[in-house]
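Peer 1: What Swiss-Prot records for this protein is below:
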BINDING   GLN190, TYR218, ASN223, GLU239, ASP301  S-adenosyl-L-methionine binding site
ACT_SITE  CYS326  active site, nucleophile
ACT_SITE  GLU360  active site, proton acceptor
Amino acid sequence: MATLDVNPQRYQQQLAEKVQRLTDMFAPYQAPELEVFESPDQHYRMRAEFRVWHEGEEMYYIMFNQETREKYRVDQFPAASRLINDLMPLLIDAMKDNESLRRKLFQVDFLSTLSGEILVSLLYHRQLDDAWIENAKALKQRLNDEGFNLNLIGRARKMKIVLDRDYVVEKLDVNGKPYTYQQVENSFTQPNGKVAEKMLEWAVDCTQESQGDLLELYCGNGNFSLALAQNFERVLATELAKPSVESAQYNIAANKIENVQIIRMSAEEFTEAMEGKREFRRLKDNGIDLKSYNCNTIFVDPPRSGMDVDTCKMVQGYERILYISCNPETLKENLDILSETHHITRFALFDQFPYTHHMEAGVMLERKA
């Protein structure tokens, strides 16, 4: 993780700079007034990773200055959730005098939740043995006795030892309704829990009074699919990463939602299927007849690289396009194509990453008359 100057007194200033930047970037598209969704000014990040430095009997977390690459000690990390900050010193203190737990430990990853669960991954430059397992179990018990709802993972080359489970269960509040999400270690999850709730509420608001079905590309663990399902008859969602698809299925069942279907495909493959260029057995095996869907709305939340040209062309076939972007530069490139046929009716900034140059944006597009 990079150097981060978390200064609550600077929060509004850095947000205003982002608002100006995003507004200027999208002025050519006649975007409506920007809706701005703030982050907490500290303790907003649900996950954090630290390297571990050994110095004689001492052991502590370090990070690296992005510009100088110099290491510096980290005892607290204001960007991270209070849960992570509470656990950081207790974890290191519990391990530093234990040879089995500290030997060749080089990294600690934290994944926390608004629901109070936390998952810790300990990464080693050595193979882990039975002694490690016994000591790790004792460590987990000790921290749980101190009030943490904690699970533990040990990792080494080609090795993963899970003490109980390798995921947390998050609960996000969307307009007063709680949604349950399984978040698996090393899988993508929204890093800023409070802003994630605001993104879901905005997406639900944008799609009120929708008709027909929803098609969603890049659905991840079903983060948006579940909340948006209330506004549509059916949701058909695609995702390529197998762990995310498995989490999405878990989340559909956990939330007792019956009108969402997830299929494991890339956006590019789905485009080929929609255009009839290829037949995919997995569609048939899952009983999915694409022709039976009546999708007027498509939702996309692509990776930083945005959508390729063919996917953009396919997306243009829908009356309404809801697009969440973690990279406004590639959103802009995609809009050069999408704006030929659609215009922006809603425009939002979500401050997922305070005190950095990164911006998360949302646009709602509707077909031009």
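Every residue number used here counts from 1 along the chain in the order it is shown.
Cβ atoms are placed via backbone N, Cα and C, with glycine included.
Quick caveat, the model's predicted, so the values are computed rather than measured.
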Peer 1: Taking the Cβ of each of the recorded positions and counting other Cβ atoms inside 10 Å, which one has the highest number: ASP301, GLU360?
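Peer 2: Answer returned by the neighbour count: GLU360.
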Peer 1: Using C-alpha atoms only, work out the spacing between the residue listed as 'active site, proton acceptor' and the residue listed as 'active site, nucleophile' and round it to an integer in Å.
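Peer 2: A Cα-Cα distance of 4 Å.
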Peer 1: Rounded to a whole number, how many Å is the Cα of TYR218 (S-adenosyl-L-methionine binding site) away from the Cα of CYS326 (active site, nucleophile)?
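Peer 2: With distance taken Cα to Cα, CYS326 (active site, nucleophile) is 13 Å from TYR218 (S-adenosyl-L-methionine binding site).
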Peer 1: Taking only the residues the record lists as binding S-adenosyl-L-methionine, namely GLN190, TYR218, ASN223, GLU239, ASP301, what is the largest Cα to Cα distance between any two of them, in Å to the nearest whole number?
Peer 2: 16
Peer 1: Tell me which of the binding-site residues GLN190, ASN223, GLU239, ASP301 ends up closest to CYS326 (active site, nucleophile) in space, Cα to Cα.
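Peer 2: Closest recorded candidate to CYS326 (active site, nucleophile) by Cα: ASP301.
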Peer 1: Are there any residues at least 6 positions away along the chain from GLU239 (S-adenosyl-L-methionine binding site) with a Cβ closer than 8 Å to its Cβ? List them or say none.
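Peer 2: The list for GLU239 (S-adenosyl-L-methionine binding site) reads TYR218, CYS219, GLY220, VAL245, ALA248, ILE262, ARG264, MET265, given in order along the sequence.
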Peer 1: Given the recorded positions GLN190, ASN223, CYS326, which one has the fewest other C-beta atoms within 10 angstroms of its C-beta?
Peer 2: CYS326
Peer 1: Need the DSSP three-state call for ASP301 (S-adenosyl-L-methionine binding site) to compare against my parser.
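Peer 2: Once the DSSP labels are grouped into three classes, ASP301 (S-adenosyl-L-methionine binding site) ends up as coil.
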Peer 1: Hey, what's the Cβ neighbour count for TYR218 (S-adenosyl-L-methionine binding site) at 10 Å?
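Peer 2: Other Cβ atoms found within 10 Å: 22.
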Peer 1: Determine which residues of the same chain, besides GLN190, TYR218, ASN223, GLU239, ASP301, have their CB within 8 A of the center of the CB atoms at the recorded S-adenosyl-L-methionine site, and list them by sequence.
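Peer 2: Nearby residues not in the site list: PHE188, CYS219, GLY220, ASN221, GLY222, PHE224, SER244, ILE324.
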